[in-house]
Amino acid sequence: MTIAVGRVTKEENDLFDIMDDWLRRDRFVFVGWSGLLLFPCAYFALGGWFTGTTFVTSWYTHGLASSYLEGCNFLTAAVSTPANSLAHSLLLLWGPEAQGDFTRWCQLGGLWTFVALHGAFALIGFMLRQFELARSVQLRPYNAISFSGPIAVFVSVFLIYPLGQSGWFFAPSFGVAAIFRFILFFQGFHNWTLNPFHMMGVAGVLGAALLCAIHGATVENTLFEDGDGANTFRAFNPTQAEETYSMVTANRFWSQIFGVAFSNKRWLHFFMLFVPVTGLWMSAIGVVGLALNLRAYDFVSQEIRAAEDPEFETFYTKNILLNEGIRAWMAAQDQPHENLIFPEEVLPRGNAL
């Protein structure tokens with residue numbers, strides 16, 4: 001007797017197969033399973049931000065005007081953080097704070113938590129989209145892994161930092177000038193520029209920009225068979241199918257310039273991936289430290305000597321005084337509910353004064 005072993009064919013596809021077929025179909029804009037997370041969250045995050053910057057005031061949370069309706073422009077409009085008194089409330093529209101009143105919800109800062117949480121999940125959805133597409137076309141997932149850097153920075157700055165502080169109030173508001181104010185806040189209250197994790201982040205981002213410029217220029221410089229014109233801009237053909245730059249020539253050039261050069265394309269491109277992503281991750285780790293109020297470098301001996309000797313001052317001690325000034329002025333402005341009043345004689349003065 002012969003037994004035929006084979007796969008049982010289903011007469012009708014189940015719901016999962018139907019959805020999988022539709023979601024992963026080849027179309028102009030790929031949807032995918034990741035799109036179920038990405039597209040709704042990105043839509044709500046961007047929609048909330050445009051709504052907030054256009055219509056919603058920050059008078060009730062920060063005592064500020066923050067919308068186009070109140071006279072702000074693109075650089076000064078923002079979706080502001082909730083009031084300090086609301087601590088870490090999720091500020092759900094149907095929660096005990098707003099009780100389903102949309103106007104009250106906006107006044108309390110509910111749009112900020114709405115944008116922050118949907119924005120975080122949208123970024124995660126975008127990373128999953130890169131994983132999904134890479135798997136579909138049989139690529140390695142380095143794009144998705146690289147995108148973990150921006151996600152780490154967003155989550156650490158907008159979510160973990162305020163969770164470590166007293167409330168969402170101390171997170172950055174979503175706006176250009178608001179982010180600048182937050183940077184000054186980080187400097188004044190945490191001496192962020194002297195933090196080694198910030199230094200690694202700066203080195204990563206600026207180093208990546210340098211590597212990108214060097215790499216692009218080198219490839220352009222070593223192109224061949226791209227046309228018969230003497231001028232690169234006239235001869236270069238962006239639709240050229242095959243790779244026609246000379247790695248050997250590039251290696252020879254940089255060997256003469258620096259004494260060392262990349263001889264392997266994979267190592268070169270991995271290094272270009274590694275530098276910025278590591279920098280972003282280091283910055284994110286540093287911000288998590290600040291959430292716990294960890295200090296960076298404190299050169300106390302210089303501070304003591306500067307306090308005792310009117311003629312001794314370093315760039316560090318001058319910066320410390322600047323930080324004290326930022327704290328003294330910013331705390332009173334940012335937290336009017338605390339009724340902070342600093343007499344003139346306690347405001348910081350440098351030895352030069």
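The backbone N, Cα and C atoms fix where each Cβ goes, and this holds for glycine too.
As annotated by Swiss-Prot, N-acetylthreonine applies to T2, with the evidence given as similarity to another entry.
Marked as phosphothreonine by Swiss-Prot on the basis of similarity to another entry: T2.
Summarising the annotation, Swiss-Prot assigns transmembrane segment to 41-61 (among others) and lists sequence analysis as the type of evidence.
Per Swiss-Prot, the feature chlorophyll a ChlzD2 binding site maps to H118. A helical conformation is recorded for H118 (chlorophyll a ChlzD2 binding site) in the three-state DSSP classification.
Swiss-Prot lists 125-141 (among others) with the feature transmembrane segment, giving sequence analysis as the kind of evidence. Tertiary neighbourhood of the transmembrane segment (125-141): same-chain residues 24, 30, 32-35, 37-39, 41-42, 147-148, 151, selected by CB-CB distance under 8 Å and a gap of 6+ residues from either end.
The pheophytin a binding site annotation in Swiss-Prot covers Q130, N143 and rests on sequence analysis. Classification of Q130 (pheophytin a binding site) by DSSP places it within a helix.
Feature annotation from Swiss-Prot assigns transmembrane segment to 153-166 (among others); the stated evidence is sequence analysis. Cβ atoms under 8 Å from those of the transmembrane segment (153-166) belong to residues 81, 84, 87-88, 116, 119-120, 123, 172, 280, 283-285, 287-288, 290-293 of the same chain, restricted to positions at least 6 beyond its ends.
If you look up Swiss-Prot, you'll see H198 marked as chlorophyll a PD2 binding site, on the strength of sequence analysis. A 10 Å cutoff on Cβ-Cβ distances gives H198 (chlorophyll a PD2 binding site) a total of 22 other Cβ atoms nearby, all chains included.
Among the features that Swiss-Prot reports, transmembrane segment is placed at 208-228 (among others).
For H215 (plastoquinone binding site), the same-chain residues lying six or more positions away in sequence with a CB closer than 8 A to its CB are L268, M272. Look at Swiss-Prot and you will find H215, F262 tagged as plastoquinone binding site, backed by sequence analysis.
What Swiss-Prot lists as Fe cation binding site is H215, H269. There are 14 other Cβ atoms within 10 Å of the Cβ belonging to H269 (Fe cation binding site).
Per Swiss-Prot, transmembrane segment is recorded for 279-295 (among others).
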For this session: Quick one: pull the CA-CA distance for N143 (pheophytin a binding site) versus H118 (chlorophyll a ChlzD2 binding site), whole Å only.
Result: 22
Exercise. Non-local Cβ contacts of Q130 (pheophytin a binding site) (under 8 Å, 6 or more apart, same chain)?
Worked result: P141, N143, A144, F147
Problem set entry | Those residues of the chain, 6+ apart, with a Cβ under 8 Å from that of H118 (chlorophyll a ChlzD2 binding site) | C41, A42, F44, A45, G48
Exercise. When you scan the chain for residues with a C-beta under 8 Å from the transmembrane segment (41-61), skipping those not six or more beyond its ends, what do you find?
Worked result: 67-70, 72, 77-83, 106-109, 111-112, 114-115, 118-119, 121-122, 125-126, 169, 173-175
Seminar exercise, completed: Tertiary contacts of the transmembrane segment (279-295), defined by C-beta under 8 angstroms and 6+ residue spacing from its ends, are 148-150, 152-153, 155-157, 160-165, 186, 190-192, 195-198, 200-205, 207-208
